């Protein structure tokens, strides 16, 4: 019988071929990856297999990995080994292949000794429905956490664009990790890093090395797919910010290459924080807003400049300030000065208005999802008791 050599017969999307599962006592929760190019290449296409199915499963507590690759036919022996490509991204000698019974037996045994981190690492507790959750701040130098992270980190490749594995031997990395308090299931986690921040010659004193300041960075931020949409991301972000706001050595909170969904989460949480604490109640009514006030408030809130300006602009919009339009257009103009300088006046105004409308629509979209506690603002702001929909 002649072999069907049509490319479509032997080609499959790696996103479709890869099947992910988190398994517990009630069965498996199945889901698909968002990205597979870190494993199978930029095209996210696998060639050379007919009816290829790749199964990657994890115990929902220990994250012990299991791999099983199935296909009806392989074009030839020169075809790239899809199983090896996947195993290269998983902890070496830790994966159980094909033998599902052995995998279940192994993770069941591991669960007997699996424990949450020590109580002194606990930074936050919260409830959603009738479930209790806990957030810990831990170091990758902890052997148990290091192994758990080794097993989980492939999820960053599969769900965070441009993600890569971190250097787990660098002691500066910390992880904030969320668990279900009773079941011990890992809900999600974020990797963080702190960099020394140079504050200028006048502020620097080498004799006070213990007082040196740092910039704290959120690197990878992930809530496992089965647990998304329940508010865990918000709780995790708030816990991180709370820790760093209380840390006098941290002068600025940054985020590494945030995607659109994380930007939304960050905007909502940061806006809620400044509004619920009335942090911008003394915002000047002058235009442009005094740069000294901006610098002072940015430092108090530990926000990088771009993020602070976004929050300030959302605040002005929320307060229906007459300064909102001019303040935002001023920033847009300054940011795009070189691109605008060669345009005629009519085109320049059109471009500014288009950018203004686009940002205003985006700000309104974010504000519509913000939860604001009932609060009376200072009389100087001329506003009181405004509430936004949660």
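Positions of Cβ are set from backbone N, Cα and C atoms, glycine also.
The following features are taken from Swiss-Prot:
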- 256: active site, proton donor/acceptor (ACT_SITE)
- 221, 222, 223, 228, 229, 230, 231, 232, 233, 234: acetyl-CoA binding site (BINDING)
- 138-290: domain 'N-acetyltransferase' (DOMAIN)
- 173: site 'Interaction with histone H4 N-terminus' (SITE)
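A helical conformation is recorded for residue 233 (acetyl-CoA binding site) in the three-state DSSP classification. For residue 256 (active site, proton donor/acceptor), the Cβ neighbour count at a 10 Å cut-off comes to 14, with all displayed protein chains included. Of all residue pairs in 221, 222, 223, 228, 229, 230, 231, 232, 233, 234, the annotated binders of acetyl-CoA, the farthest apart have Cα atoms separated by 15 Å.
Most other Cβ atoms within 10 A: among the binding-site residues 229, 231, 233, that distinction falls to 233. Minimal Cβ crowding within 10 Å, among the recorded positions 173, 221, is found at 173. Sequence-distant neighbours of residue 223 (acetyl-CoA binding site) (same chain, 6+ residues apart, CB-CB distance under 8 A): 178, 187, 188, 232, 233, 236.
Among the recorded positions listed here, namely 173, 221, 229, 231, 221 has its C-alpha nearest to that of residue 256 (active site, proton donor/acceptor).
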